[in-house]
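J.: Sending over a structure as structure tokens; questions will come in a sec.
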Amino acid sequence: MAQGPSQCPALLGAPASTTDGTQEARVPLDGAFWIPRPPAGSPKGCFACVSKPPALQAAAAPAPEPSASPPMAPTLFPMESKSSKTDSVRASGVPQACKHLAEKKTMTNPTTVIEVYPDTTEVNDYYLWSIFNFVYLNFCCLGFIALAYSLKVRDKKLLNDLNGAVEDAKTARLFNITSSALAASCIILIFIFLRYPLTDY
């Protein structure tokens, strides 16, 4: 029985099927490029930094045996931007640096600030002189005032206040000189009156 024209594939222009199992090569589309698939498996974190590079791992893997099945065509991806292409190339087997090491490199070193304080050790506080005047020559409590200023000088020296320590040291010296001079004058007058009493005149 003869077949009609609608049932004959040759009349419709359809290609005849092949029996050898081969497949026609796919023609790449316009505006597309080929990108190999990234290696399977999740990253191992910091241990991936010290592991073997991908090139050595690929060389150690056994070669695939030839099979009778036809080779599979590579996967076709659409056009991507430049940044996406760079990321794809990095994921295709190029070893990347550890992210923890990258974070350490980006961290800036903290700056060390050294504060230089003025030298207050050369400021004289007249502490011993003030104690002597307070104990022996405390004329009108001037020795006590001088001792108070001497203690203020010591406190300001601990606080590294050079200007305040110098001013209080000058005041303590002034009170010490005044107390010593007045007390010494009183002692001399007392000795004179004891040596030459007023009844002799």
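Placement of Cβ uses the backbone N, Cα and C atoms for every residue, glycine included.
Here's the feature list from Swiss-Prot:
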type	residues	note
TOPO_DOM	1-127	topological domain 'Extracellular'
REGION	1-23	region 'Disordered'
REGION	60-88	region 'Disordered'
TRANSMEM	128-148	transmembrane segment
LIPID	Cys140	S-palmitoyl cysteine
LIPID	Cys141	S-palmitoyl cysteine
TOPO_DOM	149-173	topological domain 'Cytoplasmic'
TRANSMEM	174-194	transmembrane segment
TOPO_DOM	195-201	topological domain 'Extracellular'
J.: Using a 10 Å radius around its CB, how many other CB atoms surround Cys140 (S-palmitoyl cysteine)?
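T.: Taking all protein chains shown, Cys140 (S-palmitoyl cysteine) has 11 Cβ neighbours within 10 Å.
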J.: Can you tell me how many other Cβ atoms are located within 10 Å of the Cβ belonging to Cys141 (S-palmitoyl cysteine)?
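T.: Neighbour count, Cβ to Cβ under the 10 Å cut-off: 13.
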